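Chemist: I'd like to ask you about the structure that follows.
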Amino acid sequence: MREICPSHRQPQLHIISLFVAFHIGASALLSDTIVSIKTNDSEWQDIAELPQKMTHAGFVVDEKIALFLKAVRIETLGYIETQIVKTSPSTVDSDELCGFVANASAKLSLESNCARDINGKRGRSLNVNDPDARYQKHFRRLEMGGVWRLSLPYVKRKVKVAVIDSGIDFYYDRDFSPLKAVFPKKSGGFIEGGWNFLTDTPNLTNDDRHGTHICRILAAKTNNGMAGIASNVSLVVLQTADSVTSGHLGHFLAALNMAIDLQVDVLSMSVAFNMSGAHRRAFSLMWNALHNVPGVPWDQYPCQFGGPLSMCVTVQSNSKKRKVLASGYSWGKIVDLATFGNKIYVGDYKGRSEYRSGTSYATAIVAGIAAILISMDVEPKMVKPLMIYHADPLLPKSPRRINHTIRGGALNPLNTVKGAIHYITSRA
């Protein structure tokens with residue numbers, strides 16, 4: 001049994017993607033298997049058709065595998081040319097299936113990658129609560145008042161923002177109810193508000209409040225003394241995590257595939273995976289196919305995707321004396337920008353002001369600025385260059401760690417918007 005999203009040859013992906021910058025190891029192994037098979041000419045191949053192709057080529061096929069592939073649930077993510085097979089130790093396990101794929105690929109001159117699904121984790125969260133805190137101090141330091149004032153006359157359209165995280169409550173939470181919308185899919189049909197990939201239903205759950213916090217920072221309407229970074233947005237929540245799990249790679253890929261199907265403008269994701277060699281080869285090929293950029297060595301997914309439409313974000317120190325990387329967070333050439341991510345106000349909960357810390361919250365801020373630029377009709381390809389060009393110089397964590405730097409600098413939203421206005425007016 002197969003669930004198929006339409007194949008999409010050489011997709012024109014124009015999604016601004018924001019990732020956290022941190023390194024996570026795989027935890028408990030899962031039973032699902034992730035497969036990508038192509039010809040030497042990069043034409044995607046369906047794993048369910050491999051037994052028949054083997055037979056036609058004169059090779060003997062293991063009957064157990066052939067029967068399994070006829071009956072098993074296979075989810076095909078057409079936009080990213082990847083399949084998720086519901087393997088199981090009681091039928092055919094991941095190792096057995098990957099052995100068959102490798103053998104068939106060698107005999108049929110195909111290029112394939114096959115690996116067991118893995119777990120990921122989200123940015124570090126320190127869960128700092130402060131009942132006396134009242135203000136969004138980081139927004140003032142980012143001069144968001146000036147950003148909103150300058151950008152407003154240039155806003156041309158509403159922006160579709162997708163968040164891959166835990167779920168939110170569109171119905172009871174006044175911060176989010178104005179952001180709910182119906183999103184048509186290129187493949188047909190529509191999504192209203194979001195999709196829960198854990199249950200494969202439109203019913204979002206918010207027992208884990210991480211997604212709620214991220215969405216509030218990014219786009220909350222003014223309530224409880226809080227306003228989000230971006231105001232002119234519609235929000236689609238692609239739930240891959242809850243209080244039990246922080247996300248599987250298979251669910252993440254399905255969410256990514258749906259984001260492309262929904263043609264969102266900005267995609268914020270707070271998850272990373274430490275990939276095996278097979279995973280790295282498969283998903284390096286996948287991302288490079290989408291972005292049409294040359295591959296580079298990498299070992300962390302998705303932050304090391306790179307490309308002109310992706311940004312990897314880390315945390316800037318709260319120091320008022322100098323702009324410096326925060327201790328305990330990632331650095332390196334793959335990291336594009338840093339911004340505040342320590343003790344960020346995320347709203348009021350049961351009468352208490354909530355503050356949180358972690359790379360996820362810095363990513364939400366950058367995603368919000370990206371949404372503002374897109375709403376001003378800045379082309380997606382110009383969002384990253386504008387942010388990096390107008391970033392402030394960022395010092396290493398300490399003089400003893402002079403090499404602990406990042407590719408870009410500290411996010412400067414006001415200068416970025418000023419640069420965007422200059423770009424827009426000169427373009428006209």
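Placed from the backbone N, Cα and C atoms, the Cβ positions cover glycine too.
Straight from TrEMBL, here's the annotation block:
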ACT_SITE  Asp165  active site, charge relay system
ACT_SITE  His210  active site, charge relay system
ACT_SITE  Ser360  active site, charge relay system
DOMAIN    157-391  domain 'Peptidase S8/S53'
TRANSMEM  12-30  transmembrane segment
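Walk me through the surroundings of each of these features.
Modeler: Reduced to three states, the DSSP call for Asp165 (active site, charge relay system) is strand. All protein chains shown were included, and the count of other CB atoms within 10 Å of the CB of Asp165 (active site, charge relay system) stands at 28.
Summarising the environment of His210 (active site, charge relay system), the number of other Cβ atoms within 10 Å of its Cβ, over all protein chains shown, is 25.
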Chemist: Note down the number of other Cβ atoms within 10 Å of the Cβ of Ser360 (active site, charge relay system), including every protein chain shown.
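Modeler: Result for Ser360 (active site, charge relay system): 28 other Cβ atoms within 10 Å.
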Chemist: If you measure Asp165 (active site, charge relay system) to His210 (active site, charge relay system) at Cα, how many Å is it?
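Modeler: Cα-Cα distance, Asp165 (active site, charge relay system) to His210 (active site, charge relay system): 7 Å.
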Chemist: Over the domain 'Peptidase S8/S53' (157-391), what is the model's mean pLDDT?
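Modeler: In the predicted model, the domain 'Peptidase S8/S53' (157-391) has a mean pLDDT of 81.
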Chemist: Measure from the CA atom of Ser360 (active site, charge relay system) to the CA atom of His210 (active site, charge relay system) and give the result in Å, rounded to a whole number.
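Modeler: Per the Cα atoms, His210 (active site, charge relay system) and Ser360 (active site, charge relay system) stand 9 Å apart.
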